[in-house]
Amino acid sequence: MLENTSTTAADQASYAEADHTSGEGQEPFTILFVCTGNICRSAMAHYMLQDALAQAGISNVRVDSCGTSDEEAGNPADPRTERILNDLGLTAKGHVARQLNENDWAQTDLFLAADVRHIETLRALAPTEINPARIRMVRSFEPGAANQPETNLRMADPWYGDMSDFETTREQITAALPGIIEWVREASR
């Protein structure tokens, strides 16, 4: 069974002391959502978190997204992702899917994986100096996720389904947003 990616307050403090350099006058804290093609899950989470941070009055945070695959690189967000975002008063207009690259390791403070295979890919590709607390599952921030195995925290790929699958993805992201925002607040102290 895969280990849980939840971190404690002590882990967050350790991460903040060792790796995080964001603060007033410094580089922004950067969060990178990762899925397969960067047109559904990670793109949706990207724009939803960006909005939630603005609503919470949190600045100096950069949100981005990418895919582990290059299949969709250069493509816009899936039209169903755009529809979900539009229903929330958001847009992914101008979104261009991209693949994870070497620069992401140095430029990202927190990697948020949509599924188990994405977190496994991130762990396999991560340079040895990367603190494991920087790589998490999106849903590990949901209430009650602390004791769940990673296999229970996966976000199924809605690309293969219909609008109800995209709505499920939206609900899962929505449930994780307060935890992500709290984590950012704690890590930025």
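Using N, Cα and C of the backbone, Cβ positions are placed for all residues, glycine too.
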Range annotated region 'Disordered' in TrEMBL (choices 1-23, 139-161) is 1-23
Excluding its own, the Cβ atoms lying within 10 Å of the Cβ of ARG41 (active site) add up to 32
Cα of ASP157 (active site, proton donor) to Cα of ARG41 (active site), in Å and rounded, measures 7
Integer Å value for the Cα distance linking CYS35 (active site, nucleophile) with ARG41 (active site) is 6
Around the Cβ of ASP157 (active site, proton donor), other Cβ atoms found within 10 Å total 16
